[in-house]
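Below is one structure; the comments refer to it alone.
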Ligand SMILES: CCCCC/C=C/C(=O)SCCNC(=O)CCNC(=O)[C@H](O)C(C)(C)COP(=O)(O)OP(=O)(O)OC[C@H]1O[C@@H](n2cnc3c(N)ncnc32)[C@H](O)[C@@H]1OP(=O)(O)O
Ligand SMILES: NC(=O)C1=CN([C@@H]2O[C@H](COP(=O)(O)OP(=O)(O)OC[C@H]3O[C@@H](n4cnc5c(N)ncnc54)[C@H](OP(=O)(O)O)[C@@H]3O)[C@@H](O)[C@H]2O)C=CC1
């Protein structure tokens, strides 16, 4: 059925943007020179697996974990991006890490990944589910494939990783620790309803597992970032990006290190009594503003929106 009064769906694909757009997020030099509040051997002897670590928060987290003495394993779909993280850590810290090309949407690939990490390092202490993302679009225009892609990545992919890691911890009688990167969805997220649905699923899955899996000494927590400037911002039009910082009362964007340090804290013994929690890192966005990443509809006025 077609109706000529219905406007075409708003679509922003990164490749539609100006190829000369500025590169967003912390570059490798910034990551390498960033100071940390933690002592250098905080994670010595611990093994940390980080998904989506070829860019953004995952890349910064991999570097920080390696800097704090951890054995680091990373995964993602694109080998070139993973290689850049391996090379950055080799160059900056003189350390080798394990990288395994993996699509977290595939339970078989996830099973192989967790097995490989165990074979390589003899176990796993902390799993960081950071891989994920979405595209900005009015929910009413989502294609079926687009909806499924976002749900499959952010909810199912995260679940496969959690379940596979926990099966090993239970079988080995070893403690475990999971940190899921979600988003700040307390008041919903216009033009990101698919990710909002998936992240809400992960948050309540995590709260449930934090109880179910406590009997095996497995903790599960989430981190909800607000606006964190990373390479992932390529998914959004420049016009929207100019307003993103206005979504919080501090009127600033966080960076990947802000999140990496919280992950390191949760991976450390200092967090031994934190379980089933959602830690928000958003400069106060939750009680202040809202983002319209694909442009605010005329219906709404400008007040309180970014
Ligand atoms: C919302 C405001 C939040 C502000 C703060 C948050 C910021 C961030 O989260 S930044 C981090 C962002 N990083 C990413 O989002 C990167 C990872 N994202 C992705 O890889 C994709 O978004 C993905 C989750 C959809 C991955 O799916 P994949 O199957 O790899 O992707 P495809 O390109 O094959 O797309 C499948 C399907 O999805 C629909 N679709 C994809 N892109 C768009 C788009 N820009 N607009 C509308 N629809 C889109 C589409 O149906 C695709 O199928 P085809 O039509 O056959 O291509
Ligand atoms: N930046 C922000 O403001 C916010 C980000 N977030 C979330 O935080 C996480 C990190 O984001 P950020 O660093 O900004 O973004 P990036 O896009 O830089 O990082 C996301 C990473 O996930 C990987 N990835 C995506 N899909 C899959 C998959 N199916 N299997 C394996 N790896 C995958 C990507 O690599 P590849 O494509 O090569 O697989 C990429 O390296 C994401 O989940 C994001 O949605 C949440 C709130 C705010």
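From the backbone N, Cα and C atoms, a Cβ is placed for every residue, glycine too.
TrEMBL: automatically predicted annotations, no manual curation.
From the options 1-31, 32-62, the stretch TrEMBL describes as region 'Disordered' is 1-31. Counted with DSSP, the compositional bias 'Basic and acidic residues' (12-31) comes out as 7 helix, 0 strand, 13 coil.
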